[in-house]
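K.L.:
One structure, pasted below without further comment.
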Amino acid sequence: MADDLPIVLALLLVTVAGTATVLTRDPVRQVFALAGLGLALALLFAVLQAPDVALSQLAVGTALTPLMVLLSVRKVRRKARSERREEHE
Amino acid sequence: MSILPYLVAGWLFLAGCYGLATSRNLIHAVGSLAVCQASTYVLLLAVGYRRGGTAPVFSDIRPGSRPVVDPVVQALTLTDVVVGATLTALLLALVVQVSKRHGTVDPDELRELRG
Amino acid sequence: MSLRVRMVVLAVGLLGLAAMLVAAFRKLPGFGGSWHPYGQRAVETALGRHTSNVIASINFDQRAFDTMGEQAILFGAVLGTVVILRTTRDERRVEPEPARVPAPLRRYALAVLPVTLLTGLYVVAHGQVSPGGGFQGGVVAATALHLLYIAVDYRALQRVRSVPLFTLADAAGEAGYPLLGLGVLMTGASFLENVLPYGTLGTLSSGGTVPVLNAAIGLEVAAAVVVLLAQFLDQAIVIESEDGEQGAGSVGDGDGRRGEGGAA
């Protein structure tokens, strides 16, 4: 059981990060939760003896996906803001 | 312990589904879908784990000297991580397009628009 | 359907699914067990073909056909994104103003860029020997290029990153994979079979066709990530609709440099 301790801790971390990602309703804050989930997953994969998967999860989950989500949020917000301004005019 | 990792995978999947169904913002929905994706990675790697095993890479250990974890599920997960990211990109592109055409990314408002 | 009914349906569905999942999990082999028949055979086969990274051997040799499907999905997703996010008729491109970057940030990012790029290429090249390969290294190499955006500004990135060129590279990687498979057919072997000499275990030239297919995937993934990020960066920074959407460097949007937080 003591051997499994790192795995149990990593699993707990992933559970918390995953739940936080879903419950964070604001997309910008969710991006950071998502990056945290990516990091937790990479940690879990490393202790599960999967260095290949951990490496790709680290690159994709903490950099690529959050960046794309953030850029989409920015685009959508800009769009919404400009339309709201039109309505006010 | 013997099914705890599987339960974590199940929990992530259900949590992601809950987020998808109750989302008020399509970008948040895509993020929730990413949690669902993560659950499949956890499940696959948990199935392949072997207690006392090491990574299935023989660059610094002699073949046969130590047991290794299952490499098949790792190969499946590895490709899925990268391919999944491009699919997330495709979904985000659709969301950006929806926001351009309809001016909102709230699924409920979108349903009202269609009438 | 009212919100309340929807929540009840959702709760019933999730609880039912949870019950079925738990029932299924109880039948799975216990976590950490030593019974892995497929894994054992895959390891034996990989060692027989002198590939020290068993995962690379599975992806690019034993299950090479499966990986061809995966990379086709990847290509299709990128193609779809490019088509959906193209500049439409009612949009115009507003080139961003040159940005001022703090000197320490510029120095740091410019110093890290070549190191990251080299790391990415190293990870691709050593896929058959140590953990890594085209999928992981491709992403690292592609994100390295975007440090230029942090170090200088978007115009500098645009100058280096020719989107048509990278789209072409993406297609070349995508097409190269099955073409290599067809080339193998010419030698009389079956599609995507490992026909090259296996080499010495643990060296760069080991694994037969594994490093070749791995390089094709590395090219495709790196180009795909560059093209994808180019689409989203263009949308967020350069492209705006004709009807009154404000410019990229305007008030309320910061200085056109927000949104790159995760890239470092």
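Here, residue 1 is simply the first one shown, and the rest follow in order.
Quick reminder: no glycine exception, Cβ is built from N, Cα and C everywhere.
Straight out of TrEMBL:
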- C:71-88: transmembrane segment (TRANSMEM)
- C:105-226: domain 'Na+/H+ antiporter MnhB subunit-related protein' (DOMAIN)
- C:108-129: transmembrane segment (TRANSMEM)
- C:135-154: transmembrane segment (TRANSMEM)
- C:175-192: transmembrane segment (TRANSMEM)
- C:212-233: transmembrane segment (TRANSMEM)
- C:244-264: region 'Disordered' (REGION)
- C:254-264: compositional bias 'Basic and acidic residues' (COMPBIAS)
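Mind mapping these onto the model and telling me what they sit next to?
P.N.:
Residues 51-53, 56-57, 60, 136-145, 147-148, 150-151, 202-204, 206-207, 210-211, 214-215, 218, 222, 264 of the same chain sit 6 or more residues outside the transmembrane segment (C:108-129) yet have a Cβ under 8 Å from a Cβ within it.
Listed as Cβ neighbours of the transmembrane segment (C:212-233) (distance under 8 Å, sequence separation of 6 or more from its ends, same chain) are residues 56, 60-61, 64, 67, 71, 74-75, 78, 81-82, 85, 120, 124-125, 127-128, 133-135, 137-139, 141-143, 145-146, 149, 154, 157, 161, 163, 166-167, 169-170, 172-174, 176-177, 180, 192, 196.
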K.L.:
Within the domain 'Na+/H+ antiporter MnhB subunit-related protein' (C:105-226), what mean pLDDT does the predicted structure show?
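P.N.:
The predicted confidence over the domain 'Na+/H+ antiporter MnhB subunit-related protein' (C:105-226), as a mean pLDDT, is 90.
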